[in-house]
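According to Swiss-Prot, the features are:
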{"type": "DOMAIN", "residues": "15-256", "note": "domain 'ABC transporter 1'"}
{"type": "BINDING", "residues": "Gly47, Glu48, Asn49, Gly50, Ala51, Gly52, Lys53, Ser54", "note": "ATP binding site"}
{"type": "DOMAIN", "residues": "266-511", "note": "domain 'ABC transporter 2'"}
Amino acid sequence: MFPLLAFRGDRMEILKAKGIVKRFPGVVAVDNVDFEVYENEIVSLIGENGAGKSTLIKILTGVLKPDAGEILVNGERVEFHSPVDAFKKGISVIHQELNLCDNMTVAENIFLAYEAVRGQKRTLSSRVDENYMYTRSKELLDLIGAKFSPDALVRNLTTAQRQMVEICKALVKEPRIIFMDEPTSSLTVEETERLFEIIEMLKSRGISVVFVSHRLDEVMRISDRIVVMRDGKRIGELKKGEFDVDTIIKMMVGREVEFFPHGIETRPGEIALEVRNLKWKDKVKNVSFEVRKGEVLGFAGLVGAGRTETMLLVFGVNQKESGDIYVNGRKVEIKNPEDAIKMGIGLIPEDRKLQGLVLRMTVKDNIVLPSLKKISRWGLVLDERKEEEISEDYVKRLSIKTPSIYQITENLSGGNQQKVVLAKWLATNADILIFDEPTRGIDVGAKAEIHRMIRELAAQGKAVIMISSELPEILNLSDRIVVMWEGEITAVLDNREKRVTQEEIMYYASGQKKQNGRVA
């Protein structure tokens, strides 16, 4: 008997999941979900953290077994016991955390764990056909426009190049479907454009792509369909032509959300931090700027512009070669982060997991970590009760979703981890807060909360510096915008009337300098 195939228009349904259920202790992660993929399409799967997207992907790619439901490939029912089973059926996946071996070559990584002998599964006794492995790897690299050799060591590649290797790994068995989980989270604007070109090329060759991202502008641009999940359930889908940011956000969070806050007025006051002629290697070149109490100063620019490097000098992580730093009008020397903390400066770093938190510590311990000397008795004996009071206070103030202050921080969602980083600096009474990519990798609801917090902190009189690669974030949250290119400031733009455009920022971010002085 031939399998019953479903079609949408003239496109055949190549993957169908029906009534998928997955339970974990105390939670139904995926609740009776249907999901389908048609040939030659790009379908995005979106939802907040905890919506069930990752669990569903793991089921459809053989990492997890469902508790109920069925999966059909080309109309035939299948059971996946491992990712290899899914791979054999033409389903590949590229995870957000790239899974490569640094000390192996590109070609070895492409064939790792699958097939390095022609037509055979690799075993310990197999003789690796290195010529075939090199030739096939070169074909795949050429297909996606990669400019590096199959013999290159992976440890020497950039993040974007590593992702190209992952795409080649996914293509090595000529799949019908590739799942991509947050593929643009660590890419520059140019690298993201190149990835989208690759995705469109894959679609033209008959390969469907399931795209998972928190970046709604990317989702709406690249997708033929958008499927929305919330609380483990499939909420609905939208087709191209029906995409609308407000509609998508409401489907994701179940309520109206003000993505960028309105009506939170800031009144810039005295200069809180001033930097004059800061220099460091060839990364920061004579940088001068000031941020006032009660304002949000946005820093825009492409990757490599020197924004993060500048703030690491201000925070004392790196040592300036020349230049001066003034806090509240007083010249200061900041030789390390401890000096910066004493000056009332807090840094919410780009990589919260590596630089902002100790993931294996509790929420309480992370919040009080920079304040231990201040809240301990005689600077020696920890005051457990005081630690609990401070932690409970900031968990409540910032609406951090955690079972208790004794929850291990690693178990929180990305948005709540970001709030813990913010809480620890607010607990030090920092008056100058530096946010580096504050909403990277967090879902829409949490983004809206962070956006509101940034504006509210400025309204309370804090001096806020915000680095962001998301131009809508820069344009909607900043009172003034500093644009950098290759370590230099090319423009400072007045954005109090919210009249600066993305085109204007990109003009200066590409190296063009503002004439007739800076607009302050």
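Yeah, the Cβs are placed from backbone N, Cα and C, and that goes for glycine too.
Counting only residues at least six positions away in the same chain, the Cβ atoms of Ser413, Gly414, Gly415, Ile442, Asp443, Ala446 sit under 8 Å from the Cβ of Asn49 (ATP binding site). For the binding-site residues shown (Gly50, Gly52), fewest C-beta neighbours within 10 angstroms: Gly50. Secondary structure from DSSP puts Lys53 (ATP binding site) in a helix. The Cβ of Ser54 (ATP binding site) lies under 8 Å from the Cβ of Asp181, each of these being in the same chain and 6 or more residues away along the sequence. Here the Cβ of Lys53 (ATP binding site) has 23 other Cβ atoms within 10 Å, regardless of which shown protein chain they belong to. DSSP assigns Glu48 (ATP binding site) to coil, not to a helix or a strand.
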